[in-house]
Amino acid sequence: MTYKSYRHLKLATATSLVISSMIGTGIFTSLGYQLVDIRSVFTILMLWVVGGILSLFGALSYSELAAAFPRSGGEYYLLSRIIHPSIGFVAGIVSATVGFSAPAVLAAIAFANYFASIIPSINITITAVIIIVCINILHATKLNMGKLFQDWTTILKIGLILIFIIVGLFFIEHQLISVLPTHSDLKLIASPEFAVNLVWVSYAYAGWNSSVYVVGEIVQPEKNIFRSIFIGTIIVTLLYIALNFVFLYVTPMNELIGRVEVGYLSGVHLFGTKLATVVSLCIGLLLISTVSSFIYIGPRIVQAIGKDYDRLRILSRTDSQGIPYNAFIL
């Protein structure tokens with residue numbers, strides 16, 4: 001059976017989906033736990049370098065598969081065609097719920113928590129629900145406005161991170177640290193502690209394959225799938241390495257060990273306690289594009305499942321813009 005193609009996503013938007021899906025709360029929280037086992041700046045940075053390289057390897061493999069099977073659905077469609085439809089169906093349900101719906105809710109709750117640092121009286125649950133509902137309505141009704149929202153919130157995310165990095169590198173007194181490797185660093189890289197922390201770092205890189213889930217909507221997928229994943233992963237890798245270096249560059253290591261609020265603590269050292277609430281707001285704003293990308297992608301997986309199963313056909317219905325409105329309602 002053939003389906004009408006709505007190829008409207010250009011490279012910029014496809015790349016923004018990748019970047020937004022990858023950059024969430026992990027980059028601002030994981031360093032403190034890594035420092036519990038590893039106290040070397042070089043080794044910490046190598047964690048993020050290796051994590052980025054592994055993500056790029058995955059990107060190269062995944063983009064080739066997606067180019068060979070250019071239809072939306074991600075693991076659902078690929079596993080259905082390569083292995084068995086039942087395997088693909090299970091993977092699709094897991095991706096739509098655990099992979100996108102649940103993280104969208106968690107990111108919205110995280111934003112509400114950061115926002116509550118400015119207005120303590122707000123209800124965190126209600127605020128998160130409002131964010132989810134508003135972005136859902138936008139993506140379920142206005143295709144072009146939804147794409148613009150995704151693009152500009154991603155630009156905002158990158159811009160805020162770059163400000164954080166630039167201020168930390170050039171305008172603030174820094175800690176006396178060294179990034180040069182030592183003999184003990186080589187032992188650390190081969191240690192179980194490095195391997196365990198690399199697993200957690202890989203979660204911060206999760207999302208590099210996001211554009212594959214909407215490949216059926218991407219213009220020239222044979223070219224732009226690879227480009228979106230590759231460019232997005234490279235940008236995120238560079239931002240992650242630079243941001244972790246800044247965290248260690250401006251904040252005493254002892255203050256970060258075992259702490260979850262690494263981004264906030266570093267922000268206080270960068271901008272002072274008077275602007276601490278602004279730092280919290282900025283970290284929260286970074287999550288808006290993450291919520292948006294998850295909400296945009298999730299229903300496309302449900303739509304792909306609906307196309308292949310008669311009893312679920314209602315989920316594949318689209319409006320004149322190509323938006324799977326029933327999948328959004330679900």
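Residue numbering: from 1, along the chain as shown.
Even glycines carry a Cβ here, placed using N, Cα and C.
Quick look at what TrEMBL lists:
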TRANSMEM  12-35  transmembrane segment
TRANSMEM  41-62  transmembrane segment
TRANSMEM  87-112  transmembrane segment
TRANSMEM  118-138  transmembrane segment
TRANSMEM  158-177  transmembrane segment
TRANSMEM  197-216  transmembrane segment
TRANSMEM  228-250  transmembrane segment
TRANSMEM  270-297  transmembrane segment
Cβ-Cβ under 8 Å with the transmembrane segment (87-112): same-chain residues at least 6 beyond its ends: 24-25, 73-81, 122, 124-125, 127-129, 131-132, 213, 284-285, 287-288, 290-291, 294-295, 297-299, 301-302, 304-305, 309
Chain residues outside the transmembrane segment (158-177) and at least six past its termini with a C-beta under 8 angstroms from it: 19, 23, 41, 235, 239, 242-243, 246, 248-253, 266-267, 269-271, 282, 285-286
Residue numbers, six or more beyond the limits of the transmembrane segment (12-35), whose CB comes under 8 Å of its CB atoms: 44, 47, 103, 107, 110, 147, 150-151, 153-155, 157-158, 161, 197, 200-201, 203-211, 214, 218, 224-225, 227-229, 231-233, 235-236, 239-240, 243-244, 247-248, 253, 256-264, 283, 286-287, 289-290, 292-294, 296-297
Among 197-216, 228-250, 270-297, stretch most in contact with the transmembrane segment (118-138) (C-beta, under 8 angstroms): 270-297
Intrachain residues whose Cβ lies under 8 Å of the transmembrane segment (41-62), provided they are six or more past its termini: 31, 34-35, 177-182, 185, 188-189, 194, 197-198, 201-202, 204-205, 208-209, 212, 226, 229-230, 233-234, 236-237, 240-241, 244-245, 248
Long-range environment of the transmembrane segment (270-297) - Cβ separation under 8 angstroms, sequence gap at least 6: 16-17, 19-21, 23-25, 28, 100-101, 103-104, 107-108, 110-115, 117-118, 131-132, 135-136, 139, 146, 149-150, 153-154, 156-157, 160-161, 164, 167-168, 172, 207, 210, 213-214, 250, 263-264
